[in-house]
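Q: If you look up Swiss-Prot, you'll see 14, 15, 16, 27, 77, 107 marked as GTP binding site. If you look up Swiss-Prot, you'll see 107 marked as Mg(2+) binding site, on the strength of sequence analysis.
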């Protein structure tokens, strides 16, 4: 294992959303510079972790093909109603072989190559349950990035109970646990493609 890889962490690519602002298209499979968005993310995240898991509720064969070079496994949500990122997070936590999981959405092709190291450093320093990325712009405005986070997989049962009780908001569930915020100054690294317009904007950068 390379020295740059943080030990005992599973990487989780979140690709199980409904993508309503893309007319239901599978975001992770949309092309940026001729390459699926999900593959951009896999290439940047896989080198920072011990193993990769992909949360996907459709096109599992295609995601398995994209993930094969990284040894990634594809897992669906435990529910069939597209319950959002918390459901994908739960699926990944259940599938993880490591005690920690770090998640990232499938439509953020420029995510930081030091994402895991920085989240893990704060996680350890604060003895936290969750470390969440927060971007800070030139005007010092802070924007939480809850789908970029490092979590203990031992929280899976608590998350399952929260989902069963109807919780769908990621930050609301994080607030139940000891969460540390980790500042990132390059907000461009977290740009995503929630719509066709945002995908076109990414292509112009």
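Every residue gets a Cβ built from N, Cα and C, even glycine.
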Q: Name the residues of the same chain, 6+ apart in sequence, whose Cβ is under 8 Å from the Cβ of residue 77 (GTP binding site)?
A: 16, 55, 57, 83, 87, 88, 90, 91
Q: Which one of these binding-site residues, 14, 16, 27, 107, has the sparsest Cβ neighbourhood, judged by other Cβ atoms within 10 angstroms?
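A: Among the binding-site residues 14, 16, 27, 107, the sparsest Cβ neighbourhood within 10 Å belongs to 27.
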Q: Tally every other Cβ atom lying within 10 Å of the Cβ atom of residue 15 (GTP binding site).
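A: A 10 Å sphere around the Cβ of residue 15 (GTP binding site) contains 30 other Cβ atoms.
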Q: Which state, by DSSP, holds residue 27 (GTP binding site): helix, strand or coil?
A: helix
Q: Using only the residues recorded as binding GTP (14, 15, 16, 27, 77, 107), report the maximum Cα-Cα distance in Å, whole number please.
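A: Taking every pair of listed residues, the largest Cα separation comes to 18 Å.
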Q: DSSP three-state call for residue 14 (GTP binding site): helix, strand or coil?
A: strand
